[in-house]
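Notes for the one structure printed next.
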Amino acid sequence: MSDALKPLIGAAADRPLTRAEAEQAFTILFDGEATPSQIGGLLMALRTRGETVDEYAAAAAVMRAKCNAVRAPEGAMDIVGTGGDGKNTLNISTATAFVVAGAGVVVAKHGNRNLSSKSGTADLQGQMGINVMVGPQVVEKALNEAGIGFMMAPMHHPATAHVMPTRAELGTRTIFNILGPLTNPAGVKRQLTGAFTRALIRPMAETLGLLGSERAWLVHGSDGTDELTITGVSWVAALEDGTVKEVELHPEDAGLPVHPFEAIIGGTPEENATAFRALLDGAPSAYRDAVLLNAAAALVVADRAADLREGVALAAQSIDSGQARAKVEALSRITQDAR
């Protein structure tokens with residue numbers, strides 16, 4: 001163990017760390033050179049003062065540098081949320097990923113098990129016969145052959161094991177609760193990313209800009225969800241050409257109706273999988289409209305659609321033509337063969 005982190009903990013409590021200082025601090029953490037007390041001290045100093053964009057970018061850059069990387073085709077994007085919104089909705093970002101892939105955009109989706117939901121993305125994919133616990137080689141095969149791959153965080157970020165026990169003991173949100181969407185192992189340059197609070201969308205968008213993203217939408221629903229909501233207004237921080245612009249979006253902007261929140265509440269993994277299969281079959285529902293809205297946004301970010309209405313049409317075609325279902329079946333086959 002090293003004492004190099006001690007002065008940085010004190011500095012972090014008093015003032016924002018420079019990007020170089022933050023990179024040094026997180027390198028020490030990820031190299032396993034900090035004690036549990038030092039890790040907790042740094043994380044709580046940052047949380048209490050409030051993390052800066054430079055600190056987010058530094059932590060994410062170090063985490064990316066130490067990950068088990070994936071080579072993704074040009075133009076691949078991520079569709080992901082921070083999780084932690086506590087709303088227990090149906091699996092919207094996961095379904096969106098398959099619909100967007102069915103529309104011809106390669107999706108390199110990064111995620112983890114969602115401890116705040118009855119059924120996270122890993123649970124839904126398991127119900128659909130997809131093995132999420134695969135390494136970079138299998139993910140690369142899936143991206144190239146199926147046009148979609150899922151990267152489970154523990155399989156790609158082994159260095160975070162050094163901080164997990166302390167995070168569990170702290171039992172509160174820290175910088176690590178937002179690092180997942182900022183540390184895609186495939187290094188994608190385009191993202192549709194949900195945040196559990198509106199306050200994070202601009203700083204996360206600015207962080208992705210510092211990390212080299214070309215275009216990204218950071219979103220939060222007015223109902224508290226970490227995605228574009230079908231129940232009313234959503235807030236968006238849109239990164240494009242190095243600048244961030246904040247806008248409000250409404251389902252009607254995409255030609256979609258508003259639905260009550262109760263219509264998108266999820267259940268057990270089995271119940272959510274049943275809803276997902278019905279969506280793939282083309283059944284009309286609030287769930288379908290929520291997925292169409294988010295898929296439309298992703299297709300705009302990917303430059304596949306000029307606006308949300310065109311994106312909705314492309315997303316609906318992906319579902320109704322069977323292309324979205326074909327992506328589920330292809331990913332299941334490739335990942336099961338890897339067992």
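Cβ coordinates are placed from backbone N, Cα and C, and glycine is handled just like the others.
Among the features that Swiss-Prot reports, 5-phospho-alpha-D-ribose 1-diphosphate binding site is placed at G81, 84-85, T89, 91-94, 109-117, T121, with the record citing sequence analysis. Around N112 (anthranilate 1 binding site), a 10 Å sphere centred on its CB holds 19 further CB atoms from the protein chains shown. In the three-state DSSP reading, N112 (anthranilate 1 binding site) counts as coil.
Per Swiss-Prot, the feature anthranilate 1 binding site maps to G81, N112; the stated evidence is sequence analysis.
Here Swiss-Prot flags S93, E227 as Mg(2+) 1 binding site. E227 (Mg(2+) 1 binding site) falls outside any helix or strand according to DSSP and counts as coil. Counting only same-chain residues at least 6 apart in sequence, those with a Cβ under 8 Å from the Cβ of E227 (Mg(2+) 1 binding site) are G81, I92, S93, T96, G194, V219, G221, S234, A290, N294.
Positions annotated as anthranilate 2 binding site by Swiss-Prot: R167. Every protein chain considered, the tally of other Cβ atoms within 10 Å of the Cβ of R167 (anthranilate 2 binding site) stands at 17.
As annotated by Swiss-Prot, Mg(2+) 2 binding site applies to D226, E227.
Comparing the Cα of T89 (5-phospho-alpha-D-ribose 1-diphosphate binding site) with the Cα of every entry in N112, R167, D226, these being the binding-site residues, the smallest distance points to D226. R113 (5-phospho-alpha-D-ribose 1-diphosphate binding site) sits 15 Å from D226 (Mg(2+) 2 binding site), taking the CA atoms of both as reference points. Rounded to a whole number, the C-alpha distance linking N112 (anthranilate 1 binding site) with D226 (Mg(2+) 2 binding site) is 15 angstrom.
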